[in-house]
């Protein structure tokens, strides 16, 4: 029994990449974004250059630099010469005090209406919030709160319609203790769910810890990051919205959120080189940051290059990287955010 426990623990250490360190690969034209002090876990950018940030995420046992401040949604106009991050006002009736935003996704309808989908954890529960973005006064009109038994532990989301999305569950259970047990035992029970007003169903399963999700520019493929398996899964999307696994790309890092470069279709990945540092926070030995670019993921040998890496001296715990018109935004789980001109 002791040997079995040791073996399970050893496997967990490997999944967390506890011995990995990175050498810094900094970019020349970068600065920390003012007003983001406690994480920008996810970022999504509209075709017109408006970038949305999900800020202030809190989780049990996860470090926070602002534990008593609710989360919010910030916006930055990347077409401005010196863009600033502004917090968006949210319509009355929405519970701002318990707002705990996680993954986000935008959808632009045929009439140019912009919808913002937000994974929310009020009081550490699981909902998906749908907002309408009102650009004239930089505000969000809350339209709908979605709860469902097939969404017990939502992490990230990709919108495919005005009330339609794919979402990842990073755990099978919603109970905190059972989540820890599930992770420790490496059960591979996490999944991807498709939601629409008419149908909700599991469309892919068997992941270690399903995390970031996104869609290819041609809408044919769904990409899913499996963070503790260090993998990106490519799934083919069918007319009935079901998914079929095509291939798996294995990387030497913990892969978090996925963004698509609109000019090339390349995948940008926010990564955690060492998961132990991320979850056991030590200010004297902080978590590092890493951003990868993946080109031609459908080919036999995709090209993987490091775009940015830092040992934690500038940016701690990178969770997402998004690019627009030679501007790069890098967000983190609970630290700062970086703006770079490429």
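Just so you know, the numbers here start at 1 and follow the chain as drawn.
Cβ coordinates are placed from backbone N, Cα and C, and glycine is handled just like the others.
The model shown is predicted, which means the values in this text are computed figures rather than measured ones.
Among the features that TrEMBL reports, active site, proton acceptor is placed at 102. Cβ neighbours within 10 Å of residue 102 (active site, proton acceptor), excluding its own Cβ and spanning all shown chains: 24.
Among the features that TrEMBL reports, Ca(2+) binding site is placed at 41, 42, 104, 155, 156, 211, 256, 257. Counting every protein chain shown, the Cβ of residue 156 (Ca(2+) binding site) has 29 other Cβ atoms within 10 Å.
Residue density at residue 30 (disulfide bond): 18 other Cβ atoms are found within 10 A of its Cβ, drawing on all protein chains shown. Residues annotated as disulfide bond in TrEMBL: 30-340.
The N-linked glycosylation site annotation in TrEMBL covers 257 (among others).
According to TrEMBL, the N-linked glycosylation site annotation covers 311 (among others). Its own atom aside, the Cβ of residue 311 (N-linked glycosylation site) has 18 Cβ atoms within 10 angstroms in the protein chains shown.
Annotation: 104 carries the greatest number of neighbouring Cβ atoms among the recorded positions 104, 340 [cut-off 10 Å, Cβ to Cβ]. Same-chain residues with CB within 8 A of the center of the 41, 42, 104, 155, 156, 211, 256, 257 CB atoms, the Ca(2+) site residues themselves not counted, are 54, 102, 103, 119, 212, 319, 320.
On the backbone, the CA of residue 211 (Ca(2+) binding site) and the CA of residue 102 (active site, proton acceptor) stand 11 Å apart.
Long-range Cβ proximity for residue 42 (Ca(2+) binding site), meaning a same-chain Cβ under 8 A and a gap of 6 or more residues, is found for 53, 54, 101, 102, 103, 104, 156, 257, 319, 320, 331. For the binding-site residues 155, 211, 257, counting C-beta atoms within 10 A of each C-beta gives the highest total at 257. Of the recorded residues, residue 311 (N-linked glycosylation site) and residue 256 (Ca(2+) binding site) place their C-alpha atoms 17 Å from one another.
Taking Cβ-Cβ distances under 8 Å and a sequence gap of 6 or more within the same chain, the neighbours of residue 41 (Ca(2+) binding site) are 54, 55, 57, 101, 102, 103, 257, 319, 320, 331, 332, 333, 334.
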